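Visitor: So that we are looking at the same thing, I have put the structure below in structure tokens.
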Amino acid sequence: MRRDLHTPVASKKMQQMHSHEREMEKGRILRINEASGTSEAEKMNLLGELPIDDPDTPKKSSAPTMSLLSTLDTLPRIWKFCLLVVGLFFFFGVHNLLQEKIMHFPGFTFGWSLGFLEVLGVTVFSYWERRWYKEAGVRRGSWRSYVGTTLCLMGSSSLANKALDYINYPTKVVFRSCKLIPTMVISSVMNQKPFKGVEYAAAVAVCVGLMLFAFADVQVAPSFSPWGITLVSLSVVCDAVLPNLQERLFAEGSSRLEVTFYSNILTLGLMSVSTLLSGDLLGALAYAQADHKAAVLLLVYTLLAYVAISLHMALVKSFGSVAAVLVGNSRKTMTICLSFLLFPKPFSNLYVVGGMLVLAGLTVSVYVKNMDKKKGADDAVLNCKGEVVGPTAVGNGGLIQQQYLRKENEGTGLASEGQGKAGLF
């Protein structure tokens, strides 16, 4: 009998059994992904079957796999997390302080040009990153899909920076943190999505906190104008719509680098025209020519934007969006405190009360969403046929689905967070 196990016939039968088991496993994965709306290309990529003749399927590449941030993967997770957090606090902190310092230059009223420089930096560095990974020249998303993304990105970046001509920097930071409100409105109106009572309470807390912050600005800021609140509010709406438009591009098979590059290069073209017509771009260039110190700070500001965004993307990819949001809220709290310490300005206790309400509302919202995701994972059950049953079969996805789609989901979240880059600042 032992001798029979090693015969060609027995070996062939064992191979057939293993092959059948693999096919059953693949079938189960595909059924899971059909429930979650995963595209055909993503399914094949998930299973490791990349058909060579399919132009819509991502191809395996011999591009370099190492990058500067990939060296952190060799460290223990706690050390990696600490280094990413320290890097985020440092680079975003310096970037934000530079932004406020530039806006404090005598006679510098070209806030729109700062948004232009941010987009310019991301465009240039994402182009070279695509060349490094041999992705240059490849475009899977349609131009039509990029139009909406470009308009939202332009509005998100330019309107927020232009608002600095009329409101204090801390007020801009607080308003930019509050995508929660327009996101809930859009989901309720367009998708008829219901929300829990605690989520509405969190939204109310955020709204009250924003009103207190704005009221404090009215009292103490000599340059305050309602126009500034209008501009920064519109930028937040653009920031809330942006991820939904990006999801459409990812469904077409676009990579993070592709979405980053094409969205920003189109935005750069539109902002070049708008800043030229408004006089902001020429005014900023003339200012930089007359003041070499300002020119150096503007260059450093442009470079830091891309470094900070890359660190944020690495944090989302390795530790999830919840950790990234909590770290981001803590970082913005630090930014506001440093703003008052390093750039003395009139102070009101309403800033403290309003800031605490906003921070509490956002934290509760993130906690509720995280608990819903965990509940969705725990409720997923496989029946005897290997199919997912229960509430998550067509919802958030179960534990098995998350195991196989973790990389895809992280990539999508990564691009969405990173591409809405103006909201990070």
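Cβ coordinates are placed from backbone N, Cα and C, and glycine is handled just like the others.
Got these off TrEMBL a minute ago, pasting:
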type	residues	note
REGION	1-25	region 'Disordered'
TRANSMEM	78-98	transmembrane segment
TRANSMEM	110-128	transmembrane segment
TRANSMEM	200-218	transmembrane segment
TRANSMEM	265-288	transmembrane segment
TRANSMEM	294-315	transmembrane segment
TRANSMEM	349-368	transmembrane segment
Visitor: With Cβ distances under 8 Å as the criterion, find the stretch in 78-98, 110-128, 200-218 that has the most pairs with the transmembrane segment (349-368).
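Guide: Per the Cβ count, the answer is 200-218.
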Visitor: Determine whether the transmembrane segment (294-315) and the transmembrane segment (200-218) share at least three Cβ pairs under 8 Å, counting only pairs 6 or more apart in sequence.
Guide: no
Visitor: Sequence-remote contacts (6 or more beyond its ends) of the transmembrane segment (200-218), Cβ cut-off under 8 Å?
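Guide: The answer is 167-168, 170-171, 174-175, 178, 180-181, 184, 224, 229, 348, 350-351, 353-362, 364-365, 368.
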